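J.: Pulled from Swiss-Prot, these are the listed features:
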- His259, Asp261, Asp371, His576: Co(2+) binding site (BINDING)
- Asp371: active site, nucleophile (ACT_SITE)
Amino acid sequence: MAAAPFLKHWRTTFERVEKFVSPIYFTDCNLRGRLFGDSCPVTLSSFLTPERLPYEKAVQQNFSPAQVGDSFGPTWWTCWFRVELVIPEVWVGKEVHLCWESDGESLVWRDGEPVQGLTKEGEKTSYVLSERLHAADPRSLTLYVEVACNGLLGAGKGSMIAAPDPEKMFQLSQAKLAVFHRDVHNLLVDLELLLGVAKGLGEDNQRSFQALYTANQMVNICDPAQPETYPAAEALASKFFGQRGGESQHTIHATGHCHIDTAWLWPFKETVRKCARSWSTAVKLMERNTEFTFACSQAQQLEWVKNQYPGLYAQLQEFACRGQFVPVGGTWVEMDGNLPSGEAMVRQFLQGQNFFLQEFGKMCSEFWLPDTFGYSAQLPQIMQGCGIKRFLTQKLSWNLVNSFPHHTFFWEGLDGSQVLVHFPPGDSYGMQGSVEEVLKTVTNNRDKGRTNHSGFLFGFGDGGGGPTQTMLDRLKRLGNTDGQPRVQLSSPGQLFTALERDSGQLCTWVGELFLELHNGTYTTHAQLKKGNRECEQILHDVELLSSLALARSAQFLYPAVQLQRLWRLLLLNQFHDVVTGSCIQLVAEDAMNYYEDIRSHGNTLLSAAAAALCAGEPGPKGLRHYQHTALEAHRSVGTTQGLVGLTRLALVTVPSIGYAPAPTPTSLQPLLPQQPVFVMQETDGSVTLDNGIIRVRLDPTGCLTSLVLVASGREAIAEGALGNQFVLFDDVPLYWDAWDVMDYHLETRKPVRGQAGTLAVGAEGGLRGSAWFLLQISPNSRLSQEVVLDVGCPYVRFHTEVHWHETHKFLKVEFPARVRSPQATYEIQFGHLQEADPQQHSWDWARYEVWAHRWIDLSECDFGLALLNNCKYGTSVRGNVLSLSLLRAPKAPDVTADMGRHEFTYALMPHKGSFQEAGVIQAAYNLNFPLLALPAPGPAPDTTWSAFSVSSPAVVLETIKQAEKSHQHRTLVLRLYEAHGSHVDCWLHTSLPVQEATLCDLLEQRDPTGHLSLQDNRLKLTFSPFQVRSLLLVLQPPAN
C-alpha cells in the first residue's frame, strides 16, 4: 500500500477523488474512462414518420442507411432505427451493452417487445444485451430503436416551460456495442458514496474523515489500467460500509417511482410511449433486483399500456403478483386537488379502484398524489369513503411563504374524517439515491422524535424515466452503515405500516392543505375550466334522467358503457396539468376535443333518456322542462313559438328532480303574486332594474352604483364605491408563467374605465329586465355585457362576452360590499370553507388568490353579499371587496392560452341573514343548472312529476346514477351531502318504486349495518356537518 503523507489537506484530498471518478476531467487516465472496454460498430438504417406507429407497422417500412451524426426531426416526429449487430467471439464471458446516445427519448425493441428506455436526461444510455455472454448465445441480432423527437421534459424553445420549438432537430451521437466493466461500475459507486459521506457529514465529523481517507486509500491502491488492483480497493469500501449504525438510527423506506405527467409539456399520446419506456426499464430492474419495489399510480396510464403494449402489461401483472410492482393511488389519474367537483373526485376513485381490483386483484390502500396544486379539505372524507386511510404527497414543500410544519401527521377534513399523511422529507419524488438526499431526509424531517421512519421516492420523474441500476446500487450500500440512516427497499405499504406503529405522538392538521404557489392555475385557460364545469353538469344530467327512465321504463337500457367512457374522458382532463391550464397548446386542443365529445354524446344520451322517461304518457306534443336538482324551481325561461323560432319568455314552475310541461301561448301563468321587473333609464344614461326583491342601479358606463335588498332597504354596495368594476393587473411571475400569479400583481391595479352613454336598455321588463354595454379594455381587447334581472330572482346576472388579446395581463371584476366581516366563505367540494382576511398573518396573507367553486360570500351578523359564477374558480376577498378572476394571458408553455373569445356569467346576490338561511347555495345551483328544456318526440305529459325531494334545505341531493355492479340493473345510487355545516335529521321522499334501501360507501359497497326502512315512500337520514352519504336503492320492476 502506498504510504499516505503525515498531514493531509481536506479539500485537495476530496478533489483528488472527485477527479478520479469524473466523467469530464482526466478520463484518459482515471477510473471513469475504464467503465467501457472494447467496442465495435453496429449497422444502422432508419426511417422518419410524423406518426406514432405501432411496432408491427413500423418494422414493415422502408429503412434507409443511417450513421452516427445523422439529424432527424422535427419536434413530435419519430425516427425508427434498425440496429444490426454482430458480437465478437472474443467477448464470450463478458458483459455486453448496446451504447446509445441521441437527442429525444428512445425505446429499445427486441423480438417484438419493448425492453428498455434510453434517454440521456434519464441517465440511461446503454442497454444490457447480455450480463455474461455465453458461447452458445447468438452472435448476430437485430434490434429496433424508436426515437421520439422530444426530450424527457418536452421540447421547449429556450427553456423547459417555453412553448415547444416546432422546428427543433435531433441527432444521433453514439451507437455501438461495448464491453461493460461491472467491477469499475461498482468502484465508481463506492467512491461517489464515500465522497457524499465526507461532504455530507462535514469537516467536523470523524466519520467524514474516515470516508475521505478510505476513498483516498482506494485511489492509491487502484490502478485503472490494472483490473487486478480493483478487488483490494473494493475491499476497503466494503469494510467502511460494513460498519453498522446503532439501533436508534432513522429508517428510510426507499421505493422506486416514476412520476409521469399524463400530459404536460407533451401531448397525451406521447405519454403512452413514456409509460412503455419507463416501465419496461423498471421491469428489467425488478428482474435483476428481487428486493426492488416499484410504485405506480394512475389507472389511465395502465389501461393505455394494456391496450398498446399487452406483453409489457402482462409482465407488470406478473411482478404485481410477486409484490414488486405496486399499484398505488386508487384514482384514474393524479388529478388536480382543487378544481374538480366533489362528485368528480369520487369518480376518480370509483373508476380507479375498480380498475385496480379488476386488473391486479386488489384495491389500493394509499392515495398517491405527489404533484398537484393544492388539496381540498374534503379529500380525507372522500379517501375514507373509498377505502383509503393513507396519503402520500410532497408538493407543499414548494410553499412560497410558509414552511409546512409537518412531514408525517394526521389530516382532518371538513367533516372530521382523518387520514395518515406522509410527505417524504427529502422534499422530492425524484430522488437519485445520493448521500446528500439520504441525509436531508433525516435532517429536514419536521417530526423528529415523533416517528423514526421516512419515505424516499427514487427515480427520474415528471417526464418519466424512473429508477436506474446505479440508484439501486447506491441505496443497497447505504442499507446499514454508521453515520447514515438505515435504508431499506420498501413498498408504500411497508412505510405506512411502520408510520402507523409510531402514530401515537403525531400532530393533526385541520382543514385545507393550501399550496402557496401556482394560484394562477385557478384561472389560466378559461375555456378548459368552462368545459370542465359544463361537462361535469352534462354527465350529472345524463345519469339523473337515465336513472329516472330506468325506474319508469322496462325497455330502457341504462347507458353504462357510454357513460363510463365519457366519465373517463372527463377524469383524464382533470389531470393536474390539464384542467389547470399549465400545459402546451397541443394538450389544450386535445382536452377541448374531449369536452366536445362529452357534450355531443352526452346530449344524445340526454335526449334518449328524456324520450324514454315520459314515453306513453298522455298530453300534447311540445317541450318538457326538467329540474335536475332537489329544489323546486321558479324560473323565467325562453319558449320558442311559431315557425320562425321567435323566443318569448314564460314563468315555469318545476318540482324537485322532476319535470313539468312547457307553457304554451294559451297557458302562460299570471305574474301575481310576484312583482314584474321594472326597468327605467334616467336622463343621465343610468339604468335601474327592480323586481321587488332587489333593486339594481347601473351608471352610464355599466358599473354598479347601488344594489338594494328591497324588503329591508339595505344597500349592498359600499358607499362611494363602484361594483361590477373591471380591473386590469400586470401579471409577470418569477418563472412559472401559466402557474403563478404573484402577490405583487396587486400593486399594479388599473380600473378599466368605460365611456358614458354606452349603457342601453335590453329587455324592457315584465318577466325580465336587462341593460347592456360595451367596454374597451385595451387597444386589443373589448368586452360586452348584459346585466339581467328576472322576475322572482334574488340575484342579478352579468352575461359577459370578452374578446381577449393580451400579454401578461390579468382581468378581474370587483364588488366593494357594504359589509364588515373578518372572514369570507368559499364553496368547495361538498361544502364550504371560511377563511380570514388575507391581510393578517402570513398563513392568511399567502392566500391573496384562492379558489372556490360556484360561490363566495361575505356576511356580517344579519346581512351579506354573495358572488356566484357559472365557470370561474379564481377569487379573493380583501377587506370588503369581493373579486372574481376572469382571464389571464401567460405565454408559457402555451403562447395562445386564453387568447380569443370568451363567454361566462356571474351573479350578485344580497341577502338577509346568513348565506345558509338566504339560500345562496340553492341560488348557485340554479345559476349553474338552468332548467333542461327537451323536446317531446311524441305525446308529452301535461302534468308535473317529481322523483325525489329532501325535507331540509341543508341537505343537497347531488347525484343519482345506476350502481356500477347492479346485477339486475335495477339498483340506483343516490349521493347526498350536508351543505350548511350542521347536524341534520331529514326525510328523503321518493315516488319511485323502491324495494330496498341501504347505506353504502363511495365505492358503492353495502354497509352491512346500513339498512334503511321505507316509511310512506320516505327514508329518514341523519347527517353531521358536511357529511357525504350514499344510498343504494333497489327498484321494483316497472309495470310496463
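Keep in mind that glycine also has a Cβ here, set from the backbone N, Cα and C atoms.
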J.: Would you pick out, from the binding-site residues Asp261, Asp371, the residue whose Cβ has the largest number of other Cβ atoms within 10 Å?
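T.: The residue with the densest Cβ neighbourhood is Asp261.
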J.: Given the binding-site residues His259, His576, and counting only Cβ atoms in the protein chains shown, which has the most within 10 Å of its Cβ?
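T.: When each Cβ's neighbours within 10 Å are tallied, His576 leads.
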J.: For the Co(2+) site (His259, Asp261, Asp371, His576), what does the 8 A shell look like? I mean other same-chain residues with CB within 8 A of the CB centroid.
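T.: Here the non-site neighbours turn out to be Ile260, Thr262, Trp264, Glu334, Pro370, Thr372, Gly461, Asp462, Phe575, Asp577.
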J.: Reduced to three states, what secondary structure does DSSP give Asp371 (Co(2+) binding site)?
T.: coil
